[in-house]
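Positions annotated as Fe(3+) binding site by Swiss-Prot: H27, H81, D161, H165. Sequence annotations record features per position, and here Swiss-Prot assigns Mn(2+) binding site to H27, H81, D161, H165 based on similarity to another entry.
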Amino acid sequence: MAFELPNLPYGFDALEPHIDKQTMEIHHDKHHNTYVTKLNAAVEGTDLESKSIEEIVANLDSVPENIQTAVRNNGGGHLNHSLFWELLTPNSEEKGTVVDKIKEQWGSLDAFKEEFADKAAARFGSGWAWLVVNNGNLEIVTTPNQDNPLTEGKTPILGLDVWEHAYYLKYQNKRPDYISAFWNVVNWEKVDELYNAAK
């Protein structure tokens, strides 16, 4: 069965003014759609067609060598963006078990946000910043390109796309401003759901 571009759970303009409508349209309809198209082309005729994208990305070493790079890049792009859309909401509310755990581990939500923002800003070139569950504990990691923490056995519960295509139309070269705006649209309810499933 072919992989499909998921619908956004909100309108393209729902995250304004933090993430603009034009960026959302291009990011979802063009960038994410291209990852899906190229992923389907790469796995066509293989047994990967019947597997979930999570299973594929978690087991990249078992992907045939001749398509491994295409699957890593485009499969990662599809998985990362599918998760990213769900982690955003126009109705952000900082609450839940995961928020309590963050405060316990970092001392405060602000201290966590500062470390996450620093690592996201320091990610050289294109990539992602993540909050992951690793052996029951929370950890902030970054990955290059479209790599996903699942490949390293870590479960992502919050992710931020720091590719320039995610913010350049509105924020140009001011990645830290985009990262700061991100906190206004985090879907903590979804983060909490993922945390409780992973811990």
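Each Cβ is built from the backbone N, Cα and C atoms, and glycine gets one as well.
Candidate binding-site residues: H27, H81, H165. Fewest other C-beta atoms within 10 angstroms, H165. In sequence order, H28, H31, H32, F84, W163, A166 are the same-chain residues whose CB sits within 8 A of the CB centroid of H27, H81, D161, H165, the residues recorded for Fe(3+) being left out.
The C-beta environment of D161 (Fe(3+) binding site), restricted to residues of the same chain at least 6 apart in sequence and closer than 8 Å, consists of H27, N80, H81, F84, W128.
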